[in-house]
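Record features (Swiss-Prot):
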{"type": "BINDING", "residues": "13-19, 41-43, R306, 332-334, 415-417", "note": "GTP binding site"}
{"type": "BINDING", "residues": "D14, E15, G16, K17, N39, A40, G41, H42, T130, R144, Q225, T240, R304", "note": "IMP binding site"}
{"type": "BINDING", "residues": "D14, G41", "note": "Mg(2+) binding site"}
{"type": "ACT_SITE", "residues": "D14", "note": "active site, proton acceptor"}
{"type": "ACT_SITE", "residues": "H42", "note": "active site, proton donor"}
{"type": "BINDING", "residues": "A300, T301, T302, G303, R304, K305, R306", "note": "substrate binding site"}
Amino acid sequence: MGKNVVVLGTQWGDEGKGKIVDLLTEQAKYVVRYQGGHNAGHTLVIDGDKTVLHLIPSGILRDNVKCIIGNGVVLAPDALMKEINMLKERGVPVEERLLISEACPLILPFHCALDIAREKARGNKAIGTTGRGIGPAYEDKISRRGLRVGDLFNAELFAEKLKEVMAYHNFMLTEYYGCEAVDYETTLKDALAIADYLKSMCTDVTELLDQARKNGDNILFEGAQGTLLDIDHGTYPFVTSSNTTAGGVATGSGFGPRHLDYVCGIIKAYTTRVGAGPFPTELRDEIGDHLGTKGQEFGATTGRKRRPGWLDIVAMKRAVQINSISGFCLTKLDVLDGLKEVKLCVGYQYPDGSISTVTPLAAEGYEQVTPVLETMPGWSESTFGATSIDQLPQAALDYIKRIEELLETPVDIISTGPDRNETMILVNPFS
């Protein structure tokens with residue numbers, strides 16, 4: 001009997017999901033992306049060779065794995081083509097192993113233009129989007145005016161729908177934001193040029209996954225971004241435009257939620273955030289510099305410097321609740337090597353002196369709190385590349401144990417370096 005496993009981020013993204021997905025896909029027949037778009041950046045290092053994927057599931061580097069892009073993903077045809085060509089140049093076969101839902105909303109040039117125009121108009125109140133059109137594409141979906149992959153297969157109807165939606169968005173671009181309009185004819189021509197190619201990879205994803213389940217195949221669902229960026233449960237409005245939590249699997253792929261067997265929450269040994277938004281445990285000192293430099297904390301998609309801080313247990317409790325996490329994968333433990341002390345945020349203190357162990361429901365609430373920190377001894381020994389729990393110093397083991405105690409959730413996998421081999425699996429999610 002097969003197992004259906006979800007791998008998702010528990011923080012603000014950049015937790016190391018790509019590596020863990022790649023590692024676990026050795027046991028999977030299907031890997032499914034169910035939300036987000038090419039704003040994701042999943043970095044995989046295999047025998048020292050680095051690959052960064054934004055749209056195609058990380059399982060593509062495993063020869064026997066079928067990769068699926070579900071209906072919850074907003075798909076930019078140009079970004080998809082760029083990624084396919086990059087992989088083919090590296091000798092990775094793609095077309096025969098990539099399957100796409102016809103219900104995926106399309107990201108088109110006017111979405112990117114709107115995204116950039118809006119961020120510019122916000123000035124110092126910018127959210128920090130990637131400028132890749134993700135939000136505007138989801139907005140069109142919710143407004144029921146969006147174009148989907150399947151629309152490309154009827155050229156006449158697509159042209160009609162495109163003209164209508166572009167008239168609306170170009171009016172906003174020119175009259176409200178004072179920007180140039182996006183050319184309709186060019187957009188139409190470029191979109192239709194890829195229609196037949198996309199059609200060759202399209203399938204009924206819901207039916208495919210249900211048959212795979214009945215056949216006893218292992219399925220892995222690959223999340224993008226992180227729990228604290230969820231459109232409903234994150235630090236709103238400093239969030240992404242999709243449901244990054246486990247509930248997004250069902251809506252973004254059509255796979256029944258009762259069939260999920262294990263939810264693996266990727267948790268970095270510290271915390272980072274890229275772009276704007278509240279961050280109670282942020283470190284703007286030499287320790288923050290240490291974490292950022294040693295952890296090579298630069299966004300895989302934008303190249304932006306990430307903001308580092310201590311691990312926030314309060315926020316992680318919310319992530320456990322929302323996702324019903326079965327077990328954690330703790331990543332980048334080695335980045336803490338050499339610190340005399342390590343700290344965990346175990347509460348939020350408000351101006352009146354009260355302490356809460358529950359996260360606020362919006363960004364404004366975070367601005368009032370200061371972190372209540374629990375200090376633990378650090379370790380001088382190197383954990384980099386450790387592949388056995390016996391190789392970890394006692395202080396590191398105590399740190400891991402304390403995380404498990406506070407979150408009432410086991411750490412089942414530990415990552416001690418970027419390569420897929422630099423990992424210890426204590427409990428196999430597929431077992």
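Every residue gets a Cβ built from N, Cα and C, even glycine.
Minimal Cβ crowding within 10 Å, among the binding-site residues K19, R304, is found at R304. Taking a C-beta cut-off of under 8 Å and a sequence gap of six or more, G13 (GTP binding site) has these contacts in its own chain: A40, A224, Q225, G226, L229, V274.
Under 8 Å, Cβ to Cβ, and six or more positions away along its own chain, G16 (GTP binding site) finds I266, K268, C329, T331, K332, S415.
Checking Cα-Cα distances from R306 (substrate binding site) against the recorded positions (K19, N39, H42, T43) with a 10 Å cut-off leaves nothing; none qualify.
Minimal Cβ crowding within 10 Å, among the binding-site residues N39, T416, is found at T416. Secondary structure at G16 (GTP binding site), taken from DSSP and collapsed to helix, strand or coil, is coil. For R306 (substrate binding site), the Cβ neighbour count at a 10 Å cut-off comes to 20, with all displayed protein chains included.
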